[in-house]
């Protein structure tokens, strides 16, 4: 059983900065503005020879249960219940506040081992605050600077003293420590793509990002999938800020779900924090294999919906549209759905055969249908076609509709091979590739989809000039 440590405290004391320091990556958004973190995030961490799971939490604030701050506080309390040890953090530069005193009492009632952490202790204003910190009743404070990485050795010793050496090293093993030192998101994706078919896909978690405009029900959908209120939800638009990953299992398949911040139009994004959230969402989309684009069924196909779908297609991820809030459609007949499918084909012609499913995240209707489509599309996205089959297909399709003549000379399409999967990528050898019309490339791309049963999958085709066997002879002359 792994050791779990929760980092808690009032807003803007540096919890997310310490979280990033412990996991060795900038996973959590960090900003001077208080209340940046809203959902709890868990990740494998390492502190010298200690391996554990660390939970970043929202700042504790005094508020009613039904307010946004109150709901955030309830998620932090859930993290306290999940943890084996609590790091209670306060701002040494600001000193002890009445809020610190109130929340210290809350943490003490949990009965969990607690380490009092005095962050920002590098500041001159922090001198003497350790005496004041005794008023919290949590023992001697451990001074650190999460931003500069100071005092982490003392923090490691404090954790050991609080929970005991036997408990700390109970679950330590080589595999976990190696996993903490894993590559960044981008390196991991590149590594998987280089391995291609050598990597056993069934043993890797399927990465699914849930994206869309603000307030389309992304977090509600994921909560329904998990069967618990894991993510913060509410009527307010733009609740999610960080891209939160959660583990899930569907019919025996391990899945990693990514909840993302809603993407607004670029012209409306002014604040630094929202820009950071958007960048985090874009990273999650690039890291994912399948992206479920959540449309509000009561107001589908807004301009921003189409731009998000186009972004996913350009990134080469598997796009699947989910018409959420289907329970609010009065006439949810097959005719309505057929009309929406027709609009999909008309407004998103980049990928013919795009999958679109109706569902209700609030009531759980249509989730199995969504996941069946996800699994099917993921298999297509990973498909590899033999060169012999491809060239037989190419010969047939070119004979049926030859390339056009450019400046009186007909283009010659000679050879095709698949060079990658995820998404499927093909190289075609032809004469004068720079003059190949885009319309003929679309013809070849759609032909590939139809013949090899890959509807709704982004396909990339590159053209390469064929070798001229007489080029060397002409140079000799």
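Our numbering is plain: 1 for the first residue shown, then up by one each step along the chain.
Each Cβ is built from the backbone N, Cα and C atoms, and glycine gets one as well.
Annotation comment: Swiss-Prot describes 3-167 as domain 'EngA-type G 1'.
DSSP assigns residue 9 (GTP 1 binding site) to coil, not to a helix or a strand. Around residue 9 (GTP 1 binding site), the same-chain residues six or more apart in sequence whose CB sits under 8 Å from its CB are 15, 59, 60, 88, 89, 90, 100, 103, 117, listed in sequence order. The GTP 1 binding site annotation in Swiss-Prot covers 9-16, 56-60, 119-122, and the record cites sequence analysis as its basis.
What Swiss-Prot records for 206-382 is domain 'EngA-type G 2'.
A helical conformation is recorded for residue 218 (GTP 2 binding site) in the three-state DSSP classification. Counting every protein chain shown, the Cβ of residue 218 (GTP 2 binding site) has 29 other Cβ atoms within 10 Å. The GTP 2 binding site annotation in Swiss-Prot covers 212-219, 259-263, 324-327 and rests on sequence analysis.
Per Swiss-Prot, domain 'KH-like' is recorded for 383-467, and the stated evidence type is sequence analysis.
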Residue 57 (GTP 1 binding site) and residue 326 (GTP 2 binding site), distance between Cα atoms, whole Å: 33
Three-state secondary structure, residue 121 (GTP 1 binding site) (per DSSP): coil
Counts of helix, strand and coil residues, the domain 'KH-like' (383-467), according to DSSP: 31 helix, 24 strand, 30 coil
Cβ atoms near residue 215 (GTP 2 binding site) (within 10 Å, other residues, all chains): 16
